[in-house]
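Record features, source Swiss-Prot:
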- Gly15, Cys16, Met17, Phe18, Ser19, Gly20, Lys21, Ser22, Asp88, Glu89, Ile90, Gln91: ATP binding site (BINDING)
- Glu89: active site, proton acceptor (ACT_SITE)
- Cys145, Cys148, Cys183, His186: Zn(2+) binding site (BINDING)
- 184-198: compositional bias 'Basic residues' (COMPBIAS)
- 184-207: region 'Disordered' (REGION)
Amino acid sequence: MYVMTQSGWLELICGCMFSGKSEELIRRVRRAQFAKQEVKVFKPTIDNRYSEDAVVSHNGNSVIAIPVATPAEMFRYISAATDVVAIDEIQFFSDDIIDVVQTLADCGYRVIAAGLDQDFRGEPFGPVPALMAIAESVTKLQAVCTVCGSPASRTQRLINGAPASYDDPVILVGASEAYEPRCRHHHEVPGKPKKRYNHPLAGHTGE
């Protein structure tokens, strides 16, 4: 990777649940703090699974965060003394987050964002695809499929132990009892529209 000669850029950490996104964000935040940089950490108010005022990884590591309801609220807490802005669960924000992140990066701030790239349906999640396009650096993490042990890129939503229907609400914040990491082949979404094309090699096993 080339060395940045100008300050101000976006680093995006994405992937499915349990892939270590928050853990990686916390690692980068702590590294910046160790370097005596001033860091402001934000999270959406909707994310209160483990804490209302901290980013908490599934491993139990945490860093203090400021909960905000809208992206524009972040500007109230950021000053000229701020070096790094970190944002967790960025998929839960409106598309306004795109302009906020662009503005911060253009003004010379290092922005570290983490979030789900796909919703439980296996479809692009909120503003994350656009953020992936404009980021200087994208780190896509994978978990381990709970069914077969293969690399997992999708999030399986379970309601009373059964796969959630395609028509269920996209946003439903939960933890391990509601979600599992799954690979492409074990990701189940009852009611999901069929693919447009039926590939003639659909029976190909890849072996």
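Just so it is clear, glycine is given a Cβ too, placed from its N, Cα and C backbone atoms.
Note that the structure is predicted; figures quoted are calculated from it, not measured.
Positions of Swiss-Prot features highlighted on the structure.
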residue	record	DSSP (3 states)
Gly15	ATP binding site	strand
Lys21	ATP binding site	helix
Glu89	active site, proton acceptor	coil
Cys145	Zn(2+) binding site	coil
Cys183	Zn(2+) binding site	coil
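Taking Cα separation as the measure, Cys145 (Zn(2+) binding site) is nearest to Met17 of the binding-site residues Gly15, Met17, Asp88.
Cys145 (Zn(2+) binding site): 22 other CB atoms within 10 A of its CB, across all protein chains.
Here the binding-site residues are Met17, Ile90, Cys148, Cys183, and the one ringed by the most other CB atoms within 10 angstroms is Ile90. Looking at Cys183 (Zn(2+) binding site) and Glu89 (active site, proton acceptor), their Cα atoms lie 21 Å from each other.
Largest Cα to Cα distance within the recorded ATP binders Gly15, Cys16, Met17, Phe18, Ser19, Gly20, Lys21, Ser22, Asp88, Glu89, Ile90, Gln91: about 16 Å as a whole number. Remark: of the recorded positions Asp88, Glu89, the most isolated position is Glu89 (fewest other Cβ atoms within 10 Å of its Cβ). Non-local contacts of His186 (Zn(2+) binding site) by the CB criterion (under 8 A, 6+ apart in sequence, same chain) comprise Cys145, Val147, Cys148, Gln156. Of the recorded residues, Glu89 (active site, proton acceptor) and Lys21 (ATP binding site) place their C-alpha atoms 9 Å from one another. Listed in sequence order, the residues of the same chain lying 6 or more apart from Ser19 (ATP binding site) and placing their CB within less than 8 Å of its CB are Leu141, Gln142, Ala143, Ala152, Pro181. Within the same chain, residues at least 6 positions away in sequence whose Cβ sits under 8 Å from that of Lys21 (ATP binding site) are Ile13, Cys14, Gly15, Asp88, Ala114, Gly115, Leu116, Leu141.
Cβ-based neighbour count (10 Å, all protein chains) for Gly15 (ATP binding site) stands at 24.
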